[in-house]
Amino acid sequence: MNGAVPGEPVKTDKNSRRGNWGNQIEFILTSVGYAVGLGNVWRFPYLCYRNGGGAFMFPYFIMLVFCGIPLFFLELSFGQFASQGCLGVWRISPMFKGVGYGMMVVSTYIGIYYNVVICIAFYYFFSSMTNLLPWTYCNNPWNTPTCNGVVTPRGINNTLANVTRSLVTGAAEVAVEVVNKTKRTSPSEEYWKHYVLQISDDIGNFGEVRLPILGCLAVSWVVVFLCLIRGVKSSGKVVYFTATFPYVVLTILFIRGITLEGAVTGIKYYLTPQWHKILDAKVWGDAASQIFYSLGCAWGGLITMASYNKFHNNCYRDSIIISITNCATSVYAGFVIFSILGFMAHHLNVDVSEVADHGPGLAFVAYPEALTLLPISPLWSLLFFFMLILLGLGTQFCLLETLVTAIVDEIGTDWIVRNKTVVTGGVAIVGFLLGVPLTTQAGIYWLLLMDNYAASFSLVIISCIMCICIMYVYGHKKYFKDVEMMLGFPPPIFFRVCWRFVSPIIISFILIFTVIQYKPITYNDYVYPGWSLAIGFLMAMSSVICIPIYALYKIAKSEGTTFLERLKNSCKPDVKWGPALSEHRIGLYATPGSEGEVEVRPLKEELREKEKEDEKRDEISLTIQGSNGSTEHNTTPSA
């Protein structure tokens, strides 16, 4: 694809006012960084071993093919065709603009708590800059009598060694008994709860702000802002590092992990197929949900990133590359996680299931504890948390850019386009302030509440309505022609069938599964009170409620004497719907305004051709442009 359509003059295919990616690699790396996030490391491996190991791969890749890739392609083509963010694209059917506002609300929630997770990774990263990881032993002020470490203290001075030798020996003798009879409280768990979080006893008991975490949160937002200071022009350069280096770290940790004793046991636990579980509906539901959430569908980020593509970019190819890369990364990360967990289980002489965890429990408790067993443990810890930081930042860049792009596109004045950096800074400051409550002693409760409710079933509803709007309200035939006009070929029949029938059915299945499988959130032994669950549901509904509210508003504002007339007019595409650049607005999109702009070039070319013909007819001619636009030729003697 060179960007030229047959029959048209050669075009630059660049949106100079809004900006484009420097090249296509930047878009692909940014989208990979957006899709590949913390969930690939701390959620997928756990889901895989819990749902039948290798057998889980079968429903996982089925859902990728029939739901993940089609939805990914739909969102990329949607944003690229209109060159608009998650609000501007709804010129396709203005009544559904509430879907765009819903995407903004979801991205806001995720952006707030996601950066808090990144800031905790920053905190652990800084804490790893030491000769001895602070969560290695149980001899710290924050440890409790029930603490039981996995590492025998060594490297301490002889006097202290003599004093503690008998204690250590006694601890070693009862270690297995402690592990087997009670739930082991590890040094890493106590470091996490009693030192890093200083966790309170209730979600309503905020306590004090943890200043070290608050400082790391400020660092996180400053880093995100600096990387987005020039929009996609700057973030497109940063992703060359942030999207690729995590794979270097994963590979280093993988090589180190598989050389450890017990690693094979952990990997077998991860991959051994339990085929009978394929008949379990929960396994298919988990596979569909993981694909849906992992790819970042319905967040608005895919639409936003694609909107900075050149009009004729092959987003069909990109969607397949990015989706497969995302899922392959999840599988690869499972080897990295379970090789280390297998080693730890072998060391403790327990089953792998005893040490396996997911979410923050894996990232900040189980895995860091396993790293203390390795020689030069601070080095591996630095690498692991640096990888988490980069994985988080890749997603955070797109979340912030989604909000900023939506605001700038919606207002659309020359001033706000020129001063997009001011908007980026403003959104970053607001995001930082809204994240402050999550740095209190009750912050982890709120973080998990937002993670479980803010982006759960609401995303499924948003995605389903988007499919219905594009395929049935706007019309699948018109959209297929739009894609063909953009790519030079129609969407393959497989994607046409998925967009119209298969994907909406799978999305509906995910929604039903989510409702049926719903259980009130808990954190370890803490049960959330009813009022906090109500807040969670309000967060979830706040994004969905945007859709009917805006629809009613648009219907009320539309022209027509009856409700049906207003409804019909509110669903019609806006006159501005279509390609952003006038040179691409051909056929149905050639509005009178854009035609006038397009005709300017042929007129100038015609004048130049006429002048050349006059020069050929007369040996010497001087063209004098009159004020009225006419031309006159005066012959002069040769010099």
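Each position is counted from 1, following the chain as shown.
A Cβ is built for glycine as well, from the same backbone N, Cα and C atoms used for every other residue.
Computed from a predicted structure; not experimentally measured.
Residues or ranges marked as transmembrane segment by TrEMBL: 27-45 (among others). Long-range contacts of the transmembrane segment (27-45) within its own chain (CB-CB distance under 8 A, at least 6 residues past either end) are made by residues 21, 114, 117, 232, 235-236, 239-240, 242-244, 246, 270, 290, 293-296, 301-302, 305-306, 308-309, 313, 318, 321-323, 325-326, 329-331, 333-334, 336-338, 358-360, 362-363, 387-388, 391-395, 397-398.
Sequence-distant neighbours of ASN326 (Na(+) binding site) (same chain, 6+ residues apart, CB-CB distance under 8 A): VAL32, ALA35, VAL36, ASN40, SER294, LEU295. The Na(+) binding site annotation in TrEMBL covers GLY33, ALA35, VAL36, ASN40, SER294, ASN326, LEU391.
Per TrEMBL, the feature transmembrane segment maps to 57-78 (among others). Long-range neighbours of the transmembrane segment (57-78) within the same chain, counting only residues 6 or more positions beyond its ends whose Cβ lies under 8 Å from a Cβ of the stretch, are 48, 89, 92, 278, 283-284, 287-288, 290-292, 294-295, 297, 302-303, 305-306, 309, 315-316, 318-320, 322-324, 327, 331, 463, 466-467, 470, 483, 486-487, 491, 495, 498-499, 502-503, 506-507.
Tertiary proximity for the transmembrane segment (99-126) is limited to same-chain residues at least six positions away from its ends with a CB under 8 Å from its CB atoms, namely 38, 85-90, 196, 212-213, 216-217, 219-221, 224, 298-301, 303, 360, 363-364, 368, 381-382, 385-386, 388-389, 392-393, 395-396, 399-400, 402-403, 406, 431-432, 434-435, 438-439, 443, 446-447, 450-451, 454-455, 458-459, 462, 465-466, 469, 539, 542-544, 546-547, 550. The feature transmembrane segment is assigned by TrEMBL to 99-126 (among others).
According to TrEMBL, the feature disulfide bond maps to CYS138-CYS147. Cβ neighbours within 10 Å of CYS138 (disulfide bond), excluding its own Cβ and spanning all shown chains: 21.
For 211-232 (among others), the entry in TrEMBL reads transmembrane segment.
The transmembrane segment annotation in TrEMBL covers 244-271 (among others).
Counting only same-chain residues 6+ beyond the ends of the transmembrane segment (291-308), those with a CB under 8 A from a CB of the stretch are 15, 18-21, 27, 30-31, 34-35, 37, 39-40, 43-44, 60, 63-64, 67-68, 71-72, 75-80, 82-86, 88-89, 100, 103-104, 106-107, 110, 232, 315, 323, 326-327, 330, 395, 398-399, 401-402, 405-406, 455, 459-460, 462-463, 466, 507, 510. The annotation transmembrane segment is assigned in TrEMBL to 291-308 (among others).
According to TrEMBL, the feature transmembrane segment maps to 320-345 (among others).
With a threshold of 8 Å between CB atoms, the same-chain residues lying at least 6 positions outside the transmembrane segment (379-400) that come near it are 30, 32-34, 36-38, 40-41, 107, 110-111, 114-115, 117-118, 121-122, 124-125, 128-129, 133, 220, 223-225, 227-228, 235, 238-239, 241-243, 245-246, 249-250, 252-253, 256, 296, 299, 301, 304-305, 363, 367-368, 371, 424, 427-428, 431. Annotation comment: TrEMBL describes 379-400 (among others) as transmembrane segment.
What TrEMBL records for 421-447 (among others) is transmembrane segment.
Per TrEMBL, the feature transmembrane segment maps to 453-474 (among others). Within its own chain, the transmembrane segment (453-474) has Cβ neighbours under 8 Å at 71, 74-75, 78, 92-93, 96, 99, 102-103, 106, 109-110, 113, 292-293, 297-299, 499-500, 503-504, 507-508, 510-511, 514-515, 521, 536-537, 539-541, 543-544, 547, 571, 573, counting only residues six or more beyond its boundaries.
Feature annotation from TrEMBL assigns transmembrane segment to 494-518 (among others). Nonlocal intrachain contacts for the transmembrane segment (494-518), taken as residues 6+ away from its ends with a CB within less than 8 angstroms of a stretch CB, comprise 63, 66-67, 70-71, 73-74, 281-282, 284-285, 288-289, 292, 456-457, 460-461, 463-464, 467-468, 470-471, 476, 480.
Annotation source TrEMBL lists transmembrane segment at 530-553 (among others).
Residues or ranges marked as region 'Disordered' in TrEMBL: 607-639.
Residues or ranges marked as compositional bias 'Basic and acidic residues' in TrEMBL: 607-620.
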Legend entry - Nonlocal residues around LEU391 (Na(+) binding site), in sequence order (Cβ under 8 Å, 6 or more apart): GLY33, VAL36, GLY37, LEU38, ASN40, VAL41, PRO246
Inset, instruction - Test the contact criterion for the transmembrane segment (421-447) and the transmembrane segment (211-232): 3 or more CB pairs under 8 Å, pairs 6 or more apart in sequence, then answer yes or no. - result: yes
Legend entry - Listed in sequence order, residues not in GLY33, ALA35, VAL36, ASN40, SER294, ASN326, LEU391 with Cβ within 8 Å of the centre of the Na(+) site Cβ atoms: VAL32, TYR34, GLY37, GLY39, GLY296, THR329, SER330, GLY394, THR395
Legend entry - Spatial neighbours of CYS147 (disulfide bond) that are distant in sequence (at least 6 apart) but have CB under 8 A: CYS138, THR185, SER186, PRO187, GLU190
Inset, instruction - Would you count the other CB atoms within 10 A of the CB of SER294 (Na(+) binding site), including those on all shown protein chains? - result: 23
Legend entry - Cβ-Cβ under 8 Å with the transmembrane segment (211-232): same-chain residues at least 6 beyond its ends: 19-21, 26, 30, 115-116, 118-120, 122-123, 126, 196, 238, 242, 308, 393, 396-397, 400-401, 404, 420-421, 424-425, 428-429, 431-432, 435-436, 439, 443
Inset, instruction - For GLY33 (Na(+) binding site), list the number of other Cβ atoms lying within 10 Å of its Cβ atom. - result: 28
